[in-house]
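Feature annotations, reproduced from Swiss-Prot:
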ACT_SITE  140  active site, proton donor
DISULFID  26-41  disulfide bond
DISULFID  35-47  disulfide bond
DISULFID  40-54  disulfide bond
DISULFID  59-63  disulfide bond
DISULFID  96-158  disulfide bond
DISULFID  170-178  disulfide bond
DISULFID  277-309  disulfide bond
DOMAIN    24-65  domain 'Chitin-binding type-1'
MOD_RES   67  4-hydroxyproline
MOD_RES   69  4-hydroxyproline
SIGNAL    1-23  signal peptide
């Protein structure tokens, strides 16, 4: 009897160990978690450093970049402090809620946690990624208007917290439970919202954002990290914004049938396609494009093709369900 009990117990322990060892480690399968020690995250959610993890078509995040352009692979060789100030010219205007918050140093420090950002591909791809990232986040935080000084596209990063009277944005969840008294309205460059986004974002960057969501609006580095996390993280069936802009994403037959072709327009679709795409001309989409064209001009790169999403079918609701 005791032998049978011991055998059964051993079998149970082995099964539990096997189950724990089989849990996915990273990416969309693990709530946006990242691999340690510079490992790649495979499309199946596992960490490793071989072609099965890092190769084209096998890697979903933390993938190796393309050739490093002359001048160094670091982000500062693409966007300098003076360029940052030129792009976000009025972010420190007295009328802006975010005055003094968004800094170049905070951006660079945050980007170090996402080594593929702005460092993947050739110089054109890298510049377009910087332009696209700041265009989309500038739209989310814009304080500009049609007749604003220096034009409407010089007023990105004006706002820090969602305007109006936002609710708590709490959706019941066993995995990402809302903390008592906390609200998960839009904050930071990408205006991240909802507990089911704050939770995995915090887990990925190593901060408890479910209990401390306002860190996104009080710590500039965490604020930029929240936007970069969204940018770099795919959420099936959507690719990551990063993979689209550097040319890694290749549309499926279903994507092509939906007119989702590589370019800036697909990124808008990823972010807020449920509300903005497939509707013909949309002022919000045009605002995003306006920022993108301006930033491409400052960085000295062409914007590429397929900037609009007016004729694209939506992927569905974006991670950011309510955006400007």
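Backbone N, Cα and C define each Cβ position, glycine as well.
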Other C-beta atoms that fall within 10 angstroms of the C-beta of residue 96 (disulfide bond): 19
Coarse DSSP state, helix versus strand versus coil, of the residue listed as 'active site, proton donor': helix
DSSP-derived structure type at residue 26 (disulfide bond), helix or strand or else coil: coil
Three-state secondary structure, which DSSP defines for residue 47 (disulfide bond): strand
Fewest Cβ neighbours within 10 Å, where candidates are the disulfide-bonded residues 26, 158: 158
Cα-proximity to residue 59 (disulfide bond), 10 Å cut-off, over disulfide-bonded residues 40, 41, 96, 170, 178: 40, 41
Position of peak Cβ density within 10 Å, selected from the disulfide-bonded residues 40, 41: 41
Averaged pLDDT, computed only over the residues in the domain 'Chitin-binding type-1' (24-65): 73
Cα within 10 Å of residue 35 (disulfide bond) - qualifying disulfide-bonded residues among 26, 41, 54: 26, 41
Protein Cβ atoms within 10 Å of residue 140 (active site, proton donor), excluding its own: 24
Where residue 59 (disulfide bond) falls in three-state DSSP terms: strand
Inter-residue Cα distance where the pair is residue 96 (disulfide bond) and residue 54 (disulfide bond), in Å: 42
Spatial neighbour of residue 96 (disulfide bond) that is closest, considering only the recorded positions 140, 170, 309 and their CA atoms: 140
Shortest C-alpha distance to residue 309 (disulfide bond) - which of the recorded positions 26, 40, 140, 158: 140
